[in-house]
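> Below is one structure. I have some questions about it.
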């Protein structure tokens, strides 16, 4: 039975038992910031179990894509070396939310395994929690499992309820016993049943875990029964497939065998048992699905984990002899295996391929040099009888050549060595400290404040008349008074000033009364609800308790608002034009422009840029109102509001409807889209692999930009004696004229070189049957020098030639050697002999090489030495 059929039978079985088939959630958890990746089937149902996310069903079943390669759950280092470790796996599960409990859960599992999958009953063993008599009796008395194959497992992890058969969500909260089902591979495989000293062997393999959420544990450790008891089960598809396909390693199942064969094809390896092929086959699954879910290779967080996995796969390909990009070629094979079950993979095939190819090409630029350094260091350690690689060197490989620590550790392990990880960590810490010392940080963090929060009025007002000073800070310390000329941070009880957040810069403006004037240069958060006004006291003395008029720079705010609102419209337009994979990765909105970074793996075409501009300007012309609502986060997301990747949101969120855009946003915005005026993209480029950046301007800035562009067009048209409407045609005519003249000039240069070549041939000196010539060719470019050398070689038959030209204070050199002489006189060595004397270097083939230099004054002497240099080698 193939893996695809196993998956389908599982889902269909539970659907027949009244379960709703729920599609796999993203590998990036949307409801649990503590998790790096979705690592089990229950993650998407966590809030359902907690009662905060009501669903229209009480029974569910899933095939959940899962990754264990970061944070607490990290299987990366074992992948490829064991039979059952993977970075990516599929977790089959069925769930009951206050519906059925132990009886049905156990009976469903037994029926599926023994009737649908037809596993022999005498091959199945089960474990239960020591005190779970109910589960024990169901297995023994109702299902009929012999008691010798039912094993009670107690608190075997050193604490009360710390057991392989007791599940907890955390230190407090829902928890309960679990029962696990094991498959016995038979006496030919070493190992003992669970709970025995030999349980780590491969004979008895856990295939299904049924968790019974029965209790709630409080902070004192007290257990109370949950009013609604639930079930969470998980069974690894790959493990089950190995059992049903009668193999002992997950890598022997059909799905993996097809990927391993594909990996062998692209790496040109015939030995299908090579562990590196297993690594590559595993990693293409994790990498592809992470990219499908919006993760891009990067230097931190999820992006760095993805980069580590990609580079580990590349390193194993390199180990097999691949010196160029190969990994991305496996995406099509993965789509063939899993694209039907997961159509999102098929839809994103080209994007996944492009992202992986770019990451490969980037790493292949450094891997060879890095590997040579690592291999030399390991050889040195071995020669000295050591077993530990210096952590400082491992850090250099990480910092300079992009080698993740686990990649270096992987190579070391293959040689029976380890890495000095504490030394690596020390080096990393030093670098971070240096970076902190070198950077300039705004003085908002670390200010000690324990007063009331600031009330923000900036959504409605640009000024507030009776703002009271509640705290003052100078150089990071709280003070009671600030004097004229001092820089300070002012905290008010009420303010219209927006504090930098969500990509929007903080407001500027003035705090003043009859005797005092404080110029606000920036506004930043001291705490989540406390706003700090950063600036300089220009007049008077400012004390805690003073009352001021707080007024923002209204013109600057208006420009910033236009840019911020345009960013929302642009984000939506980018998704319409480029695809739903577009995700915001960063932004900066100020009075001058909006800068927007987003996930996309190719430069935008001119047509795509024009389409985005058109869509945004159409929304501006529609003059739609901006509608703001405050609502619970879950309600907002269900209503279609876009939650931005990496942003933190509270229980209550601010939702902005602006034209066709709906986003969660706490920033300030225009009242109607027409207030934006005009939208123009001025910059599009790449900032990292898979990340593009767009800069755009609005309003009067956009009008001014278009006017300046129009003026330049008119100037160019006048210079070419054409009307602006004819400019493109006139430029094409001029380009044709230039091309024709360049061709004519090239012909004249060749003709001149030919005539000079005849003269130069007469200057050649014969040494040992080889004609040697070193001369300057006035007015020649590199192409002319090469052509002249070729003609001289043909004319002289046996020769070693160096020709030079000087232009703009720079020397161009070409050396040519005929085949009969190139065994003793190499053109690359000859040209370098001259180049080093004129402040340069070069290289090339034994018969033709070129170089440059910056010291033309030394050229005559350098050319004069050629005859002697050649004579020594003949």
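Glycine residues also receive a Cβ, built from the backbone N, Cα and C atoms like all the rest.
Pasting the feature list from Swiss-Prot:
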BINDING   564, 568, 665, 669  Zn(2+) binding site
> Near residue 669 (Zn(2+) binding site), which residues of its own chain have a C-beta under 8 A away, given they sit six or more steps off in sequence?
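561, 564, 565, 568, 626, 628, 656, 658 - these are the non-local Cβ neighbours of residue 669 (Zn(2+) binding site), listed in sequence order.
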> Do any residues at least six apart in sequence from residue 665 (Zn(2+) binding site), in the same chain, have a Cβ closer than 8 Å to its Cβ, and if so which, in order?
502, 568, 654, 655, 656
> Quick one: which residues besides 564, 568, 665, 669 have a Cβ within 8 Å of the Zn(2+) site's Cβ centroid, in sequence order?
504, 561, 565, 567, 626, 656, 658, 663, 667, 668
> Kindly assign residue 568 (Zn(2+) binding site) to one of the three DSSP-derived states: helix, strand or coil.
helix
> Per DSSP, residue 669 (Zn(2+) binding site) is which: helix, strand or coil?
coil
> Counting across all protein chains present, how many other Cβ atoms fall within 10 Å of the Cβ of residue 568 (Zn(2+) binding site)?
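Residue 568 (Zn(2+) binding site): 26 neighbouring Cβ atoms within 10 Å.
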> Among all the protein chains here, how many other CB atoms are within 10 A of the CB of residue 564 (Zn(2+) binding site)?
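Other Cβ atoms found within 10 Å: 26.
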